[in-house]
Amino acid sequence: MSSSSSIKLQPWNDFIEWGRYSIPGSQNAITRMEDNLNFYSGNYIAIVAVVLLITLFTNMNLLVAILLLGAIGYYLFFVQKGDKNIGFAVLTPMIQMVILGVVSVIVIYKLSGLTLFYTTLVSLLFVLAHSALKMRNLKNKASNFVSGIKNDLKNELK
């Protein structure tokens, strides 16, 4: 069975449905997680984004720093593409990305302590726990199977 590559937001009442949770057997856990991560990917992205936005809006210094780092990244990688000559050194885009990443981690750590990292970690743990414990109903599995077949047919007809 092929999985759909598009990200769709599934209905929230189906996502939350309290009667559909159980602890999977060790053989079933990975399959259930893969299925749920594919099927509910839009919902998971929305949850992580909302939690991160709440964290950013409660810490204005961090929000300004993130926007500034994003603007610097945009300038480096989209406005002024290519190598940069700084004195005796040539900075390739990969080196620029590493430097920006290290500076970003340091700035975020200094401004938020570990709040942003903990927020991200808790969000991802929620996603993994939900994907492992949520049993999808037969209707959802059939819908996913049909969309996979449609995608396979589209790819073969191209």
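Just so it is clear, glycine is given a Cβ too, placed from its N, Cα and C backbone atoms.
Annotated features, as they stand in Swiss-Prot:
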type	residues	note
TRANSMEM	36-58	transmembrane segment
TRANSMEM	62-79	transmembrane segment
TRANSMEM	88-108	transmembrane segment
TRANSMEM	113-133	transmembrane segment
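Residues of the same chain lying 6 or more positions beyond the ends of the transmembrane segment (113-133) and with a Cβ under 8 Å from any Cβ of it are 21-24, 29, 32-33, 36-37, 40, 44, 47-48, 51-52, 55-56, 59, 62. Here the transmembrane segment (62-79) has Cβ contacts under 8 Å with residues 55-56, 93, 96-97, 100, 103-104, 107-108, 111-112, 115-116 of the same chain, all six or more residues outside its ends.
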